[in-house]
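These features come from TrEMBL:
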type	residues	note
DOMAIN	265-356	domain 'Transglutaminase-like'
ACT_SITE	CYS273	active site
ACT_SITE	HIS330	active site
ACT_SITE	ASP353	active site
BINDING	ASN393, ASP395, GLU442, GLU447	Ca(2+) binding site
Amino acid sequence: TSQILDIERCDLDIKSNSSSHHTELYGEERLIVRRGQPFNIILHLKTGSKEFTPGETSFTLIVETGPLPRKESDTKVSFGLRDSTVDTEWSASATNGPSGNTLTVSISSSPNAPIGIYSLTLDQEGQETSLGQFILLFNAWCPRDAVFMRSETKRQEYVLAQHGQIYRGTYKRIKGTPWNFGQFDQDILDICLKILDDNPKFVSDADKDCSARKNPIYVTRVLSAMINSNDDSGVLVGEWGEFSGGVHPGLWIGSGDILRQWAKSGPVCYGQCWVFAAVACTVSRAFGIPCRVVTNFGSAHDTNANLKIEKFYDEDGESLSNSDSIWNFHVWVDSWMTRPDLEPEFDGWQASDPTPQEKSEGVFCCGPAPLRAIKQGELTKKYDAPFIFAEVNADVVDMVRLSNGKFVTFGGSTKSVGRFISTKAVGSDKRHDITHQYKYPEGSKEEREVYEKAQHHNKLQQQGEEPGLHLKIKLAENMIVGSDFEVYAVLTNNYIEAKTCTFLFFAKAVGYNGKQGDSCGYASDKVEVPPGEERRLSLRLEYDRYGSAITSDRLIQLAAITIDKETIDYHKAEKTIVLDEPDMEIKLVGEATVNQSVTAEMSLLNPLPELLQDCSFTIEGVGLTDGKPVTAEYVNYLSTVRSGFIVKFTPTRVGSSVLLVNFDSDKLKNIKSFINVAVKE
């Protein structure tokens, strides 16, 4: 007799599956599970249906994903019942519920299955019943998954944390900026899956692309191309100059807004490196790939791939243009996975960079490259290791072109690139320095060996403290934006005879990517320096002059140059200063209670000697502002007294969260702060 079960409905048991798969934060609208781990569904049988008899009743389950499910591509799998599920491939087992009319089916996915949206079908002797859909993600909790991470506190940070810190500024003044990743906000996972479906590789061969989604290396490389809009209609348009017709990169405080805008109307204007990296981190965490945002201070962009950053000057110390550059900071992401395509020692953190800088395999993307390969100088290991190696290791060479056309080398430093590589610490808002994961200690034997292995040529001479002229730049104590202050260039003469030099001191506004802007000040002098003595040249930086020149990064580059025309002896010192921003205070009026309006009060001292216009405060927080930013606008503002402004919001979730605040105005932008909020029942 036939053993066909008559099924009334299927319960996907979302609540308890979400809890065991660490997916509760995505909400309970649908079943979202992680691969390589069993989940349960409950089949309710119609009254009068045959009962399930272990060993006698048999059926087959079919899972399918992508537009063209095929067995050969692992995008369609059929499997029958066993006594118990196994952890190496798709498998299922079944037991009767307490009353005869329910049946619990336990299904385990393969730890190597493609991620994405699946349909689940029951096949009984050719009679098919649809049981529903589920989304399958990478599983950092599963030892057989390529993204497995052993430590629970690290999984909490790198997969589940919804906000973090992104480090910016210069290595002397490292500033953490809070960011709302919001990977569990409504619609975000669907938008992340849409990114995969919009990628050119899917469009040209959907079957091959869906099958390759089993591999986090492939998914990470696709994301590094799709987060920027070069070559494809990816998420963000990069812009380092003119921001009209879009949002200034410094105004974003979370990824959700950007991703929703992209899903609605295509590439979003504008992003710079920390925005590209933050969005890549959101998408990676949404898919279940452990990910961290990394900042490299003094980041080299080596266009001719000779591992040297060459800077050319003419005899008057004016820079001759050249495409190599050093960015004050550059931000990318590290993702955690095994590298079965390489040797086992290259498992672990992999760097990838979604900011469009150079093409790789014909497309603007970069990585993933193993940190171990970058540290060891193993530059043949895929992908793009030489570019990332240069970002953290390139040597800087300054060259002057003399009037006879010859070049002489001067200045130069092997220490200015790749310092204080930073990411947010696990489980706290502190900065964690990971420079040692990228490179051996600066100046150590191993570091130079690695560099030479990468260079394959002569040892680079280290210059010691020798007779000669030494040039340094000294800064003022308080350099808050809006104030006037003095900086000094100090020239010391270590020769045994006096020296006469032309002394030049320039200040120019600069963007964080090293692009120079307008002049903010200039001083020059002809000095005679007796042996063993020093001479100073001071430069006063006045807000009237620098205020209109600086970008919202608030950076000014200082360069001092001395020229001894007799001996053609050039010296140069450079320093980039970050003007301090005013402190913003945030406090909540009363306690935050779920589903009740609460008022946040902000106060800010205007440090500028002029009125600010078009002021606004924008706040955002997971579970606090319902997934989208809330903005309060004030037309003109700001005498020099601290003023109080209020923004109201209604928390939707109980528990602890972080409220991020961004202040914007016509002359003072990008002022960010945050406050921890505990929402009560």
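From the backbone N, Cα and C atoms, a Cβ is placed for every residue, glycine too.
All annotation found in TrEMBL is predicted automatically rather than curated by experts.
Just so it is clear, the model here is predicted, and its values are computed rather than measured.
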Note down the number of other Cβ atoms within 10 Å of the Cβ of GLU442 (Ca(2+) binding site), including every protein chain shown.
14
Please work out which residue of ASP353, GLU447 has the most C-beta neighbours within 10 angstroms of its C-beta, and give that one of the recorded positions.
ASP353
Going by Cα-Cα distance, pick out whichever of the active-site residues CYS273, HIS330, ASP353 is nearest to GLU442 (Ca(2+) binding site).
HIS330
Want to know which recorded positions, from CYS273, ASN393, GLU447, are within 10 Å of ASP353 (active site) at Cα; which are they?
CYS273
Confidence summary for the domain 'Transglutaminase-like' (265-356), mean pLDDT rounded:
82
Is it possible to get the count of other C-beta atoms within 10 angstroms of the C-beta of ASN393 (Ca(2+) binding site)?
25
Using a 10 Å cut-off, grab the number of neighbouring Cβ atoms around the Cβ of CYS273 (active site), all chains included.
27
Hey, how far is GLU447 (Ca(2+) binding site) from CYS273 (active site), Cα to Cα, in Å?
27
About how far apart, in whole Å, are the alpha carbons (Cα) of ASN393 (Ca(2+) binding site) and HIS330 (active site)?
14
Please report the Cα separation of CYS273 (active site) and HIS330 (active site) in Å, rounded to an integer.
6
